[in-house]
Every structure is written in C-alpha cells, then in structure tokens.
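Peer 1: Take a look at this one; I'll ask things after.
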Amino acid sequence: MSDQALSFLKDFLAGGVAAAISKTAVAPIERVKLLLQVQHASKQISAEKQYKGIIDCVVRIPKEQGFLSFWRGNLANVIRYFPTQALNFAFKDKYKQIFLGGVDRHKQFWRYFAGNLASGGAAGATSLCFVYPLDFARTRLAADVGKGAAQREFTGLGNCITKIFKSDGLRGLYQGFNVSVQGIIIYRAAYFGVYDTAKGMLPDPKNVHIIVSWMIAQTVTAVAGLVSYPFDTVRRRMMMQSGRKGADIMYTGTVDCWRKIAKDEGPKAFFKGAWSNVLRGMGGAFVLVLYDEIKKFV
C-alpha cells in the first residue's frame, strides 16, 4: 500500500472512530433538537401536543416513548456519521493539497484563509452526495414519536428507506438536498476553515495544548452551527414531506418552505432547537480534538 493510500485510510479511520463515540454520547440532545425543529411539520404531533421547549421535550420523551427512545435514530446516525465525518476529514486534506499547495500562511493570509474555506466546504458537499439518504432516514426515525410498533411510522432504518423509496422513488430520499448543500458548505467552511486557520496561526500548530485546541474547536462549532442553522431547519422540514400526498404536502418547494416558516411562525422558528444544537456542538468540538489526538497514535 502506498504512503498516500495509508494516509487516506488513517484519516478515514481516525475521523470515523472519533465521530461514532461522540455522536452516541450526544444522541439524546440531537433527538430533542430534531423534534423541536420538525414538530410543526409532523403528522404525528398535533398543535396542542407540540413541545414547548428543550426542558418540556426532555421531560416528556421518556414518559411518552420510554427512556431508550432518546437514542431513536442513533444507529442510523452512527452508520451515517462514520462515512460522513471520515470522508469529510479525509477529503479535507486532499482538497487542502489542491487549494493550498504552495501558499504561505504568514505571507498570504487571505489566500490561506480562502483556501481553507474552499477545502472545508468542498469536503462537506462531496461527502453529502454519498450519505444523504442515511441522513434523511436518521431525521425521519428521530422525528417518529409513536410509542409501540403499531404507533410508529417506521420500524427501523431499512423500513424507512424502502417505504419512502416505494412511495416517492429516489427523489424522496433526497428531499431537501439543494438547501442541504448550501447549508453544509457554509457550516463546513467555517468548521474546518476557521479551525485550521486559527490553529495554523499558532506558533507551533503541531503541538497545541488539548485545552486550547478544544476552546478553538468549541467556538468554531458554535458559530458555524448558528450561521447555518436556518438552512438545517428548512432541509429537515423538507425531509418531513417525503411520503406525503395531496393536501398533506405543506411546502411546494424550498423557497416556499423559507417563505411559509417566516410568514406563519416568524423568524425565530428558523432557530428552534438552536440552543440544544450549541450543546450538541460540544460533541462536534470534541470530535475535532479527538481526531487530532487519534492521528498522533495511528
């Protein structure tokens, strides 16, 4: 095996392992965030049964659906997240070679910064093409609030994908893809671009204290998450439409979704669950730091 292939494999494994650990740890926060985001577009949650906020959601989920339901959709998330994050990290370094080859970070700061933004954004968009149906299934499984099998919309990952594919075809599994690409480029560009730029400006980037590294990652994750959050809300609402027919369809398209959320629910609706997203982001920051640590040992 060539050095380049070995390096790619190391990136893939280090990123995937770090991601799977942290994602399982923050799965309950992730589910709360998703329910707050999509409940307005859910057929299972009537207006009077909607969650009032994070605390209400955390209290009611175990009562109504059982404690383990906090991890509903987590298996799909781990399966999805392993290739997503691993591909992001692996492609990021490949794209960095393309965008940053021969760029001096101290003498050409803005070119260095732009190259980092481009490599982070391109990595996110590329990996999204491969794993979008898994992301879609994870969202629909997490949004499923039925208690027993009879009340559930889907029995599991395979059932969700086959049901939607039979109903809507491949298009149903890629519902909201366009706005996802827009959001992921913004998020990944900040997530990787600002993180790498900040680390690169330190005197000795290879030997950064883990606390400093975590603080940089924490800030980057929170900012990136908030900036791209409205795109995430719209894409999840669009995902909730797959499998619906006729009068059940709430939005005619992405633009209509943006317009209706703003008009009917107000601008705040774009940020429903955003606070839990910041908390969840601590896991994202942990992934970046853990990835750097794992790479030292492989």
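Using N, Cα and C of the backbone, Cβ positions are placed for all residues, glycine too.
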Peer 1: If you look at how Swiss-Prot annotates this chain, which of 133-138, 235-240, 253-258 comes out as region 'Important for transport activity'?
Peer 2: 235-240
Peer 1: Could you confirm whether, in Swiss-Prot, the topological domain containing Leu202 has the same name as the one containing Val131, so that both are on the same side of the membrane?
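Peer 2: Different domain labels for Val131 and Leu202.
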Peer 1: Against which stretches of its own chain does the motif 'Nucleotide carrier signature motif' (235-240) lie, if we need a Cβ under 8 Å and a gap of at least six residues from its ends?
Peer 2: 34, 37-38, 40-42, 136, 139-140, 143, 175-177, 179-180, 183, 250-251, 254, 257, 261
Peer 1: Count the residues of the region 'Important for transport activity' (235-240) that DSSP assigns to helix (H, G, I), to strand (E, B) and to coil, and report the three numbers in that order.
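Peer 2: Secondary-structure breakdown of the region 'Important for transport activity' (235-240): 5 helix, 0 strand, 1 coil.
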Peer 1: How many other Cβ atoms sit within 10 Å of the Cβ of Lys52 (N6-methyllysine)?
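Peer 2: I get 9 for this one.
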Peer 1: For a three-state summary based on DSSP, what are the helix, strand and coil counts in the repeat 'Solcar 3' (212-297)?
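Peer 2: Its residues fall into 72 helix, 0 strand, 14 coil.
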Peer 1: Do me a favour and check the Cα-Cα span between Ser2 (N-acetylserine) and Cys160 (S-nitrosocysteine); whole Å is fine.
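Peer 2: Computed Cα spacing between Ser2 (N-acetylserine) and Cys160 (S-nitrosocysteine) is 40 Å.
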Peer 1: Using a Cβ-Cβ cut-off under 8 angstroms and a sequence gap of six or more, which residues of the chain neighbour Cys160 (S-nitrosocysteine)?
Peer 2: Ala76, Ala137, Arg140, Leu141, Phe154
